[in-house]
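As given in TrEMBL:
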COMPBIAS  64-81  compositional bias 'Polar residues'
DOMAIN    250-322  domain 'Sphingomyelin synthase-like'
REGION    46-81  region 'Disordered'
TRANSMEM  108-128  transmembrane segment
TRANSMEM  154-176  transmembrane segment
TRANSMEM  188-210  transmembrane segment
TRANSMEM  253-270  transmembrane segment
TRANSMEM  282-302  transmembrane segment
TRANSMEM  308-330  transmembrane segment
Amino acid sequence: MSYYAPKAKPPGAGGGTMRAVYEKLYSNCSTFRKLHYEEVPDSYDYNSPNAANHQPAYAHSGSPYHQQSQPPVSDTGSPSSDAVMIKIETSSPIRDEQRYPKEIGKTLLALLFLALNFFLATVSLSLVHDRVPDRDTHEPLPDAFLDRVQAQDWALDVSEILIMVVVNSCVLLITFHKHRFIVMRRVFLLLSVLYMMRSLTMYVTVLPVASRTYYCSPKSNASSAGVIVKRAFQLISGMGLSINGKQIYCGDYIYSGHTVTLVLGYLVISEYSPKRFWPIHWIYWMASLTGVVMVLVAHGHYTVDVLIAYYVTTRLFWSYHTLANNSLLLKQNGNNYIGREWWYFGFRYFERNVRGPIPLQYDCPLSLPASWTKKSPKLPGRES
């Protein structure tokens, strides 16, 4: 806190009278300033009548600095100490374990949601398969890309190989991430929402088969519950990939599941790996783009399926992480909370204990034996 200091003797002014007037003006200004801002006094007015009671002349009852008795005056006529200690209560720093709790139960719950929605998507495809228009009577829909590119069946295998590479890379990254349970929980929730929406859009609008060469299993005239469940488990056993020979049902359009997996895999790698690894980010971006293009070359999806899948996946991923990294967006805004949709309350349940963006920290998921991590004793040297 800065105070006024008496200036030097004005040039041209002489005599003790002018100096006394100057010091008196400075004393009055300093006193008024301290009264107005309630500053801690730095000296006593020993000529005032209150000096006997050890109270400064400019002290007033409203000042918080003069509610207690003042220290006694020393032998030299100056107070021994008139400074006031102000104690500010500060909370202890929050450790990473409290800011980023594991909450394994919530992660398992998110995994359960993903399993249910993935099963729902396979059931939807099992029902749609019997409603797909016959290829002998219905041509593929006009498409700006498919009409200009000849179908190549090998391209679908290339796309699915790239999917396996990207997915395994994501699993490896999440496994060695320090806050792996939070990252897993977020990926499970995003995939569950994407598969839930895909199962709905796939079922409500059935499009003709885009490829003339892709094998489709014969339709069943009477699709019983047992047949539907059998198809669903057959799709789950092959993880929805044609390269495994389990994906033999047609009609899963709007939107592309291959594109969802490739785009989401790249976004996870880009978000949860160090930014200095930008060459690796570009490699996975190119791999995802190549996989999406190969799906179109194989006529596995219409172009509109790819565009919708890209838009929905990126917007959902960025919106979720924007809310997760900025908790103030979820605070009360006046009398209304931002967002009253069903997903908002689910989001708050899963993310309310995560405080701030997740740091890019990594460790081994398995605890190593103590003998491996124990440092060898330092041998005595000349300086010891």
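Just so you know, glycine gets a Cβ as well, placed from its N, Cα and C.
Of the candidate ranges 188-210, 282-302, 308-330, 282-302 contributes the most Cβ pairs within a distance under 8 Å of the transmembrane segment (154-176). Counting Cβ pairs closer than 8 Å to the transmembrane segment (253-270), the top stretch among 108-128, 188-210, 282-302, 308-330 is 282-302.
Through the fold, the transmembrane segment (108-128) approaches residues 184-186, 188-189, 191-193, 195-196, 198-200, 202-203, 206, 223, 227-229, 231-233, 235-236, 240, 249, 251-252, 257, 350 of its own chain, all at least 6 residues removed from its boundaries and within a Cβ separation under 8 Å. Applying DSSP to the domain 'Sphingomyelin synthase-like' (250-322) sorts its residues as follows: 59 helix, 0 strand, 14 coil.
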